[in-house]
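Visitor: For G19, L20, P21, S22, A23, G24, K25, T26, the entry in TrEMBL reads ATP binding site. What TrEMBL lists as domain 'APS kinase' is 11-162.
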Amino acid sequence: MRAAGAAARERGATVWLTGLPSAGKTTLARAVAERLATTGHRVEVLDGDEIRRCLSQELGFSREDRHTNVQRIGFVAELLARNGVKVLVPVIAPYADSRDAVRRRHEANGTTYLEVHVATPVEVCSVRDVKGLYARQAAGELTGLTGVDDPYEEPTAPDLRIRTEGRPVADTAAGLHRFLVERGLA
Ligand SMILES: Nc1ncnc2c1ncn2[C@@H]1O[C@H](COP(=O)(O)OS(=O)(=O)O)[C@@H](OP(=O)(O)O)[C@H]1O
Ligand SMILES: Nc1ncnc2c1ncn2[C@@H]1O[C@H](COP(=O)(O)OP(=O)(O)O)[C@@H](O)[C@H]1O
């Protein structure tokens, strides 16, 4: 048991949490990152907003810009994961071909990549509306909001799908952690 835990701590991986704004990506990524860190894992969270401030400042939310953003994040994640870090990526990544390109980059380098769909219906996300984006879209102050008037291509075969509606954060976070244990990563 102890040996398995030690091996899991050495393994890097990218865990990409894709889903709509306010789906729960960041909440789940941070909860699991904290749990991993306290049990001796090396962990990074590549937060979408932070990346846009630091690495993707010039990019907007067109299809092309979102693709570029996702490829940049995929590049950084793979570098870290290749070097033994658990990389949690709570980034919308609305297009299947962008996500597939990130997976292929990982596979080409023999680096573990797991796609987690945080599957929260838009009706629930728009009530949560953590950053007020749904309200701004409804008021006509913003266009091109993912899941409302911009596409979100749901993953058809994610490694894990998490439903958050009506479930406490602790439950869904525990589910994600359990999945990482099953994959020999926690
Ligand atoms: N038009 C539009 N559509 C979607 N999201 C928007 C938009 N404008 C701003 N935001 C906020 O930008 C946050 C980061 O987006 P991402 O980099 O994760 O998106 S993407 O993968 O490049 O599409 C994203 O963060 P999350 O809410 O954490 O998902 C949004 O809050
Ligand atoms: N089971 C759950 N898992 C994750 N978040 C949840 C859950 N239930 C309610 N929430 C709430 O939903 C909101 C999700 O916000 P956030 O994690 O910032 O979303 P995202 O990063 O996808 O935009 C938070 O306020 C969080 O507390």
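A Cβ is built for glycine as well, from the same backbone N, Cα and C atoms used for every other residue.
Tell me what's around each of these sites.
Guide: Classification of K25 (ATP binding site) by DSSP places it within a helix.
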Visitor: For K25 (ATP binding site), write down the residues of its own chain that are at least 6 apart in sequence and whose Cβ falls under 8 Å from its Cβ; none is a fine answer.
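Guide: Same-chain residues close to K25 (ATP binding site) (Cβ under 8 Å, separated by 6 or more) are L17, T18, G19, G48, P90, V91, I92, V118.
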Visitor: Restricting to the chain of S22 (ATP binding site) and a gap of 6 or more, list residues whose Cβ falls under 8 Å of its Cβ, or answer none.
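Guide: Looking at Cβ-Cβ distances below 8 Å from S22 (ATP binding site), excluding near sequence neighbours, one finds T120, C125, S126, R128, D129, V130, K131, L133, Y134.
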Visitor: CB neighbours of A23 (ATP binding site) within 10 A?
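Guide: That number is 29.
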Visitor: Show, in sequence order, which residues other than G19, L20, P21, S22, A23, G24, K25, T26 on the same chain lie with their Cβ within 8 Å of the centre of the Cβ atoms of the ATP site.
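Guide: My list of surrounding residues reads L17, P90, I92, V118, T120, C125.
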